[in-house]
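Pulled from TrEMBL, these are the features on record:
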- H39: active site, proton donor (ACT_SITE)
- 32-39, 149-152, V178, 186-189: ATP binding site (BINDING)
- Q63: beta-alanine binding site (BINDING)
- Q63, Q155: (R)-pantoate binding site (BINDING)
Amino acid sequence: MTTPIIRPLDDLRAQVRGWKSRGETIGVVPTMGALHDGHLSLVHAAKASCDRVIVTLFVNPRQFNSAEDFAKYPRTEVADAALLAPLGVDALFVPDAAEVYPPGHSTVISVSGVSEPLEGAHRPGHFDGVATVVALLFNMTGADRAFFGEKDWQQLLVVQRLVRDLKMPVEIVACPSVRAGDGLALSSRNQRLSPGARGHAATLPAVMFRAANDMGAGAEINATLDAARSDLTGAGFGPVEYLELRDALTLGAALPGRPARLLAAAWLDGVRLIDNVAVTLPN
Ligand code: AMP
């Protein structure tokens, strides 16, 4: 099986019109490529609940904070198509930046509130870029359902808010984080770690899971977070941009008895890693 690659929007729309005329449901998995098992888990979820599945591959320039990070982002389209081939994906949509953002493109979607702390504070404009491209991808694909990873927890909340606020007719499906055997959450950026750094990158989730367990068992929150931050620094991470416990749904202060989330962004070997884990605080 090969995966049909579609680039022009008109071609995608013609394909989607055909599917919709037969009453078929359409799932979309938005990605920036350099696919790994985390992405493939979203594709499996989409295949399980939709008649047709579109994977989009677009390295969105608007969500990067530096030209260097955008330039360095891995681009592996041929390998990506090969990885998708056995999964029965109906289309790999790879739009041109010139079609996504033609000259004169002037609309930016900005979700306030949930986009502001954490990633929003450290990556100004990032979530405007995400919200804008996600809205464009929903409009381009006409999908009924869209699949996002919990790996990017704050992004998931931003997209859920976007869809609710703009009454977009698409259901957002959240999929759990897929981790390597040592616990490191899979990420396209992991490829940029040196072998030595990759060897101890799993200290990040190890420290986070331990802190989450401790706080769930009633350990004092600030002291636990401080200890976790210094564990990371001691293990060679730096800077630790944030390691914070927040309410899982609002990203406001974590409250007893409500779902909370421990979220972190930390640099290792010049690579920015993010992760998050669930915490259940005692009442
Ligand atoms: P990206 O290509 O990094 O923009 O990610 C595309 C989608 O895959 C997003 O919804 C991510 O949250 C999701 N994703 C990335 N890594 C993982 C992972 N390790 N487990 C689950 N989903 C992931």
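The backbone N, Cα and C atoms fix where each Cβ goes, and this holds for glycine too.
Just so you know, TrEMBL annotations never went through curation; they're auto-generated.
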I'd like the number of other C-beta atoms within 10 A of the C-beta of G38 (ATP binding site), please.
22
Specify the secondary structure state of Q155 ((R)-pantoate binding site) as given by DSSP, simplified to three classes.
helix
Do any of the recorded positions M32, G38, H39, Q63, V178 touch ligand 1, in the sense that the CB is under 6 Å from one of its atoms?
M32, G38, H39, V178
Within the chain of M32 (ATP binding site), which residues six or more apart in sequence place their C-beta under 8 angstroms from its C-beta?
L57, F58, V59, N60, Y73, S188
For the recorded positions listed here (L35, H39, Q155, V178), which one has the lowest count of neighbouring CB atoms within 10 Å of its own CB?
V178
If you measure from the Cα of the residue listed as 'active site, proton donor', which of the binding-site residues Q63, E150, Q155, V178 is the nearest?
V178
Measure from the CA atom of Q155 ((R)-pantoate binding site) to the CA atom of L35 (ATP binding site) and give the result in Å, rounded to a whole number.
18
Give me the non-local Cβ neighbours of Q63 (beta-alanine binding site): same chain, 6+ apart in sequence, Cβ-Cβ under 8 Å, ordered along the sequence.
H126, F127, G129, V130, V133
